[in-house]
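Visitor: Provided herewith is a single structure, encoded as structure tokens, for subsequent inquiry.
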Amino acid sequence: MNAPDSTPRRVLLASRNAKKLAELRRVVDAAGIVGLDVVGLDAVPEYPEEPETGATFEENALIKARSGARATGLPCLADDSGLSVDALNGMPGVLSARWSGRHGDDAANNELLLSQIADVPDERRGAAFVSACALVVPDGTETVVRGEWRGTILREGLGANGFGYDPLFVPDDAAAAGRTSAELSAQEKDSLSHRGKALAQLVPALAALAASD
Ligand SMILES: O=P(O)(O)OP(=O)(O)OP(=O)(O)OC[C@H]1O[C@@H](n2cnc3c(O)ncnc32)[C@H](O)[C@@H]1O
Ligand SMILES: [Mg+2]
């Protein structure tokens, strides 16, 4: 067991998306795991990142977590996530970050998505945010989990919190009370979101890591 005064175990969160990174860090911190020191990519020497070529969120999360663990020798946690729209057969899916052709251009991605489903009636505007989170430990242990968050896509954006497609997404949950994900507080989003649900399943593996030598 890790004695309370022993050196905390460093864990790398491998994301280049500052807002996603903040969510990952918040949820891991809120889990209150004693003995973990969660660091971002700015705390480690730069390493070449492999392209996210996987066909699934799980494959991409593993690509990111494996390359971080291999390059740094640290346990590495990565998220691959996106929005799967029913009327688009699950797209943008793994292409969510670059749907408009410009990686990370949230406004352009949202605008393109809205135009693509402009003719889709309200009752068929269902979608799910999906997050796969992978934890890879340099000894070879790999854990991959998935969380999903169902909701409906609006016809225009509302709210300024969160990131990505949040202004367009009204969660099905009664607790959201018809607000978009960009109108929820950080704590409300974490308690309902795909990322919150995925990370909750990783807490035992993270706790085991913190307690290991
Ligand atoms: O790969 P990293 O470096 O972590 O950062 P990224 O932004 O490229 O992340 P992904 O490849 O996983 O793509 C995720 C995209 O899906 C969308 N997305 C994921 N989670 C979201 C959320 O909670 N709210 C809104 N949009 C989200 C958003 O467009 C993200 O850029
Ligand atoms: Mg990415």
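If you go along the chain as it appears here, the first residue is 1 and each next one adds 1.
Quick reminder: no glycine exception, Cβ is built from N, Cα and C everywhere.
TrEMBL annotations: computationally assigned, not manually curated.
Marked as substrate binding site by TrEMBL: Ser15, Arg16, Asn17, Ala18, Lys19, Lys20, Ser81, Phe163, Gly164, Tyr165, Asp166, Lys189, His194, Arg195. Here TrEMBL flags Asp80 as Mg(2+) binding site. The feature active site, proton acceptor is assigned by TrEMBL to Asp80.
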Visitor: Residues with Cβ closer than 8 Å to the Cβ of Lys19 (substrate binding site), same chain and 6+ apart in sequence?
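Guide: The list for Lys19 (substrate binding site) reads Gly162, Phe163, Gly164, given in order along the sequence.
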Visitor: Checking the spread of the substrate site as listed (Ser15, Arg16, Asn17, Ala18, Lys19, Lys20, Ser81, Phe163, Gly164, Tyr165, Asp166, Lys189, His194, Arg195): what is the longest Cα-Cα distance, in whole Å?
Guide: 20
Visitor: Cα of Asn17 (substrate binding site) to Cα of Asp80 (Mg(2+) binding site): how many Å, rounded?
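Guide: About 11 Å separate the Cα atoms of these two residues.
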Visitor: Neighbour count, 10 Å Cβ-Cβ cut-off, for Ser15 (substrate binding site): what number do you get?
Guide: 22
Visitor: Give the helix, strand or coil assignment DSSP yields for Ser81 (substrate binding site).
Guide: strand
Visitor: Binding-site residues Ser15, Asp166, His194: which have a Cα within 10 Å of Asp80 (Mg(2+) binding site)?
Guide: Ser15
